[in-house]
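S.K.: I'd like to ask you about the structure that follows.
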Amino acid sequence: MLPKVLFLMGPTASGKTALALELAENHNCEIISVDSALIYRGMDIGSAKPSMEELARGPHRLIDIRDPSESYSAADFRADALAEIAQIIRMGKTPLLVGGTMMYFKALLEGLSPLPSADDAIRADIQAEADVKGWETLHDQLRDIDPVSAERIHPNDPQRLSRALEVYRISGKSLTELTQTKSAPLPYDVVQFAIAPRERKVLHDLIAQRFRIMLQQGFIDEVTQLKARGDLHLDLPSMRCVGYRQCWQHLDGEFDYDTMVEKAVAATRQLAKRQLTWLRSWPELNWLESGAEGNLVTLMRHCR
């Protein structure tokens, strides 16, 4: 019988953390965070990181493991999560993976393709060629070597277009060919849950309410301190997190406070929409309604 692992996924502001803490207090499980914002130290308010009181109730693994100046890939997450899962199981407990970064969940379940590392010289050659010939011409090149990727990647998406060409020039194989290679299935009985409100308006209201609370908790001061470090900028993955980018731009004088709030809430709602799009096509998923009384009982039944 394979060891059991629980996934609790859902859009932002759907109540994942509260339900996970309830389960941690009522069952012999440990929480692993699956969130690309919670990994960063010093980004507490805007990422809705669990409070000290909540962490005392249910410690979370894989939070505060990177400085905001550092990158962290899906491959990094997969390696770290597999190590944490194995350790929790050795302790005789059930791993509970909680979060909304769907790419991390997907990487953990399916593995990652063995793509070559970036090559700065080849990338520079591609950029120089694009400067002379234009990205449309390079897109035609991609269509010749990898029509599937060319259909998926728009000519106006130079980052992904460049990467697809770079992979081919390094390996001699197309991105499509390489991404068909998957890892072996996880050696666990993975039970997957998603939680979300039944009505979209409820989620939208929760998102707006939570951002207002973040502002009351000192979110602008948090971003001000990050900005004052001098080594962070908006091109870093950490500063692309929703809320942080909009607040940074407000502090730069790009728009006023009310516009910042409007843009941050809109960006968060767009994130939630993308998360729900992922989840609607997710196989073998058990749905829970945010705030429903029977959620804890349902989760505990699957823990046995």
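Placement of Cβ uses the backbone N, Cα and C atoms for every residue, glycine included.
Okay, these came from Swiss-Prot:
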type: BINDING; residues: GLY10, PRO11, THR12, ALA13, SER14, GLY15, LYS16, THR17; note: ATP binding site
type: BINDING; residues: THR12, ALA13, SER14, GLY15, LYS16, THR17; note: substrate binding site
type: REGION; residues: 35-38; note: region 'Interaction with substrate tRNA'
type: SITE; residues: THR101; note: site 'Interaction with substrate tRNA'
type: SITE; residues: ARG123; note: site 'Interaction with substrate tRNA'
type: REGION; residues: 159-163; note: region 'Interaction with substrate tRNA'
type: REGION; residues: 240-245; note: region 'Interaction with substrate tRNA'
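Show me how these features fit into the structure around them.
M.R.: Same-chain residues at least 6 positions away in sequence with a Cβ under 8 Å from that of LYS16 (ATP binding site) are, in sequence order, LEU8, MET9, GLY10, VAL98, GLY99, GLY100, ILE195.
Cβ environment of THR12 (ATP binding site): ALA48, GLY100, ILE207, VAL242, THR268, LEU271, ALA272, GLN275 lie under 8 Å away, each six or more residues apart in the same chain.
Residue counts for the region 'Interaction with substrate tRNA' (35-38) under DSSP, helix first, then strand, then coil, are 0 helix, 0 strand, 4 coil.
Mapped onto three states, the DSSP output places THR101 (site 'Interaction with substrate tRNA') in coil. Of all Cβ atoms in the protein chains displayed, 20 besides its own lie within 10 Å of the Cβ of THR101 (site 'Interaction with substrate tRNA').
In the three-state DSSP classification, ARG123 (site 'Interaction with substrate tRNA') falls within a helix.
Shown for the region 'Interaction with substrate tRNA' (159-163): DSSP residue counts in helix, strand and coil, namely 5 helix, 0 strand, 0 coil.
Mean per-residue pLDDT, taken over the region 'Interaction with substrate tRNA' (240-245), amounts to 96.
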S.K.: For the binding-site residues GLY10, PRO11, GLY15, which one has the sparsest Cβ surroundings, going by other Cβ atoms within 10 Å?
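M.R.: Relative to the other binding-site residues in GLY10, PRO11, GLY15, GLY15 has the fewest Cβ atoms within 10 Å.
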S.K.: What other residues of this chain sit with their CB within 8 A of the center of the CB atoms of THR12, ALA13, SER14, GLY15, LYS16, THR17, the recorded substrate site?
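M.R.: Near the substrate site, the remaining chain residues are GLY10, PRO11, ALA18, ALA48, GLY100, ILE195, LEU206, SER290.
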S.K.: Within the chain of SER14 (ATP binding site), which residues six or more apart in sequence place their C-beta under 8 angstroms from its C-beta?
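M.R.: Looking at Cβ-Cβ distances below 8 Å from SER14 (ATP binding site), excluding near sequence neighbours, one finds GLY100, ILE195, ALA196, PRO197, LEU203, LEU206, ALA272, SER290.
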S.K.: Whole-number answer please: how many Å between the C-alpha atoms of ARG123 (site 'Interaction with substrate tRNA') and PRO11 (ATP binding site)?
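M.R.: Between the alpha carbons of ARG123 (site 'Interaction with substrate tRNA') and PRO11 (ATP binding site) there are 35 Å.
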S.K.: Once the chains shown are all counted, how many other Cβ atoms turn up within 10 Å of the Cβ of ARG123 (site 'Interaction with substrate tRNA')?
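M.R.: Its Cβ shell of radius 10 Å holds 16 other Cβ atoms.
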